[in-house]
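Enquirer: Below is one structure. I have some questions about it.
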Amino acid sequence: MPKLIKLAGPTGEQAAQWAENTFVHVADEDAIPEAGDVILSLARFQAEGDTLLSSNSRRVGVRIEPAEEVEALAYDLPRLSVVALAFPKYRDGRAYTSARLLRERLKYEGEVRAVGDVLQEQAGFMVRCGFDAFEPNDGATPEAWTKAANRFRHVYQRAVDARPIAADERAQAQAKEGAL
Amino acid sequence: MYQYDVIDREFLTDRSNEFRHQVTRRLAGELTEDQFKPLRLMNGLYLQLHAYMLRVAIPYGSLNSRQARRLAWVARTYDKGYGHMTTRQNIQFNWIKLKDAPDILDALAEVDLHAIQTSGNCIRNTTADPYAGATAEEIDDPRVWSEVIRQWSTLHPEFSYLPRKFKIAITGALTDRAAVKVHDIGLILRRARDGSLGFEVIVGGGQGRTPYVGPTIKQHLPASSLLSYLEAVLRVYNRHGRRDNIYKARIKILVAALGADEFGRQVEEEWAKIDQGRADLGDLELARIRGAFAQTPFEALPARSEAFEAAKAASPALARFARNNVKAHKKPGYAIVEVSLKAVGQTPGDATADQLDVAADLAERYSLDDLRVTHAQNLVLPHVKLDDLPAVHAALEAAGLATPNIDLISDIIACPGLDYCALANARAIPIAQDIAKTFADPDRAEKIGELKIKISGCINACGHHHVAHIGILGVDKKGEEFYQLSLGGSGAEDASIGKILGPALAADRVAPAIDTLVDTYLAARQGEERFLDTYRRVGLEPFKEAVYAQAD
């Protein structure tokens, strides 16, 4: 089972920590285990998800490939514990858009997990786009992950995280100056 | 000019520390070259034929004297004493050692320069009209909007791993000196009939293997909605641009496949879903950025300078320089001065450290501390008093920088070619030097008039050959360098893609062929026609016959 790193703590100053990974990634050709939390492909979920979710108390997640549109999950999101966004290659940047859409447009509050070719160099971008769980495949520790995610003291554009952008910081500084 | 504040500076420090950490890991063997490559590329560091090349961003081509001197210092300290201006208003250093790169980035950061996103599949340095803030034809200052985009695009969390590189150019003038129609996104500032400021948005232009003049997908985007609209364009591209084939991954391929109307519709649909209040920049920040560019203390001067007129009358060299390199300024008594980096025999776009220092000194003393780099690989002193032109010309002449050939036949754009570049099929620089020598007579060059020759050493088209009046593309024919000529391209407001003249020519036949093309043009020219105008009137055939008849 891949190691899992999750963000914990209030938004903006989250530290990454090891987390127990209770989910099993079930390949399309494999049988779904009798019990336990599972992550299925979108096609598998669309075929068998209803039965799984209604028949027992286990949690279900869906794995979305870069070419698949997260909008396909709009109806099911409230019942999903995890949306796993796949990075077949870390240079494939489509999952960043998927994560933002899940959070900003579909208002998904469950876990958004990065799986596949996941490197600590991407930590900052992933956190900003709304990922909160990671299966790194470069051996990154939570310490390295936290450091990479918080390397920049300032950001220039609004994203999913609530970080003030440079323009906000400047406006605040100006307001403070005006108040003196 | 825009001044970095503490936020911009801390950002560069953080970036520099991150890269130093990555280089340390690479040199210690903790990162493989494969893992390191995208990281160094995002910091402008390429591995070339002989050494690392560092590409430093010059946002919208604008430098102050301190920055220009620091670039000179880098050239002297870490390179072989020169730098190369690129067609994206950046500067490249061709002889860099990997271990020095972090120190160089630190030294650049001290003067608010960096190499962020000068390579990689991300939003590259935004380019703009090099006459911004100086030309009277300007509807609005494109630097304001370029700076807005610079900040927005810097380490954008969603758009740093796009299908392919992404280039944005902006002009605020009708004369297009930024080649906006052959960019991934081209923006033209316009006023609507009600006076409101907006952009004409062109998407999917480009060069490379599949050149396109980009279609307009929005006639009038309200200026204050720029960032939300860019977000919509980039999101549609990030989701739907091809990733299976590097040669079909640029946005132009997506736009062409969908059709401009359908692409535009998808952008509108996405844009409507974006929370514009969140995505767009607030008025306060916009005003802060605008204010930074507005504070140019021009003096009230008479429109005519007796000193300049007298000096011109006395010096044919100054008069020739004035005819070709001095352009109209929006303020009476001022001029825009183009500084050619295309002296005969020189590598187009190269400036020595000493020349950069001279340009910095002149910018500081005579041009309100403002120096520009053009996409045609020259420099510009944008705000020179007419009274000071004789002194500026003399100083440029002493530094070998007074070549009076702007937009003339020897003002050639050329990529580094096989002399430096690992991708090239053929050399570009010696071809440019040959042509410049052939047309070294300045009287003849002036008689020929505006003629834009552009040379690329391979199909990637860094030398913009598709949009040249005469384009030259280096090709490999069984291990030999050959050159394919094309005619009738333009990267300006009358943008078009050139047509191939005929079979490729051996290197030693290129300059003579250009000579033949020019003679054909001069014989057919009517009135004040430029080469391009004549070509467009008479077509390819007469030129083709002249060049290939000679060969038989």
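From the backbone N, Cα and C atoms, a Cβ is placed for every residue, glycine too.
Predicted automatically and left uncurated, TrEMBL annotations should be read as such.
According to TrEMBL, the feature domain 'Nitrite/Sulfite reductase ferredoxin-like' maps to B:52-111, B:348-399. The domain 'Nitrite/sulphite reductase 4Fe-4S' annotation in TrEMBL covers B:119-273, B:411-547.
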Enquirer: For the domain 'Nitrite/sulphite reductase 4Fe-4S' (B:411-547), what does DSSP give as the number of helix, strand and coil residues?
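Expert: Output for the domain 'Nitrite/sulphite reductase 4Fe-4S' (B:411-547) reads 56 helix, 28 strand, 53 coil.
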Enquirer: For the domain 'Nitrite/Sulfite reductase ferredoxin-like' (B:348-399), DSSP counts of helix, strand and coil?
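Expert: Counts, helix then strand then coil: 27 helix, 13 strand, 12 coil.
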Enquirer: Reported in the order helix, strand, coil, what are the DSSP residue counts of the domain 'Nitrite/Sulfite reductase ferredoxin-like' (B:52-111)?
Expert: 29 helix, 18 strand, 13 coil
Enquirer: Suppose you look only at the domain 'Nitrite/Sulfite reductase ferredoxin-like' (B:52-111); what would the mean pLDDT be?
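Expert: Result for the domain 'Nitrite/Sulfite reductase ferredoxin-like' (B:52-111): average pLDDT 95.
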